[in-house]
Amino acid sequence: CAGRVEVQRDGRWGTVCDDDWGLPDATVVCRQLGCGAALAAPSGAWFGEGSGPIWLNGLRCRGTEEHLARCRHRGWRPHVCAHEEDASAVCSGCVWAWCTQVPPTSGSQAPTDAASLPGGPAVRLVGPTGRCAGRLEIFHAGHWGTVCDDLWGLPDAAVVCRQLGCG
């Protein structure tokens, strides 16, 4: 559950401009898609530029709306905004009713709830919200350890999410 935000209007798909775009707006998108909590609201066409009309601009969601169309905005019409400004959303991929707790594991064996690529270390996310959100841990030399956030960004998080099957 992460990507460029697009909306359909009058049978045509278009994008949303990132002017005034923020976490409350991404929260509404994630809720509308059933994708859990909003983790980030990247701007600047983070997931690539769209095409066609830019239907919405200047969104001002409170974060409590059920649908993006219920947020304040500058009107449903093509806007003077370039696709290099397409808004994006990164969601947890975990809807609360479907989440399963992943308890911290001690010991020297990688648990079956961790994900590992061939030839790579096992990773997991540990926290109270389920397997698709939390602190990143890596299994190395028989022990679980954390990962430093220096130079950490959304591309790194996207790799971990894909490796864990979280979107």
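Using the three backbone atoms N, Cα and C, a Cβ is placed for every residue, glycine included.
Marked as disulfide bond by TrEMBL: C17-C81 (among others). Note: C17 (disulfide bond) has non-local neighbours I54, L56, N57, G58, H79, C81, E85, D86, A87, i.e. same-chain residues 6+ apart with C-beta under 8 A of its own C-beta.
If you look up TrEMBL, you'll see C30-C91 (among others) marked as disulfide bond.
Feature annotation from TrEMBL assigns disulfide bond to C61-C71 (among others). Around C61 (disulfide bond), taking its Cβ as the centre, 22 other Cβ atoms fall within 10 Å, counting all chains.
If you look up TrEMBL, you'll see 1-92 (among others) marked as domain 'SRCR'.
Positions annotated as domain 'SRCR' by TrEMBL: 123-167 (among others). Note on the domain 'SRCR' (123-167): DSSP counts are 11 helix, 14 strand, 20 coil.
Here the CA atom of C71 (disulfide bond) lies 14 Å from the CA atom of C30 (disulfide bond). Minimal Cβ crowding within 10 Å, among the disulfide-bonded residues C30, C81, C91, is found at C81. Taking all protein chains in view, 19 other C-beta atoms sit within 10 angstroms of the C-beta of C71 (disulfide bond). Across the structure, C71 (disulfide bond) and C91 (disulfide bond) place their CA atoms 19 angstrom apart.
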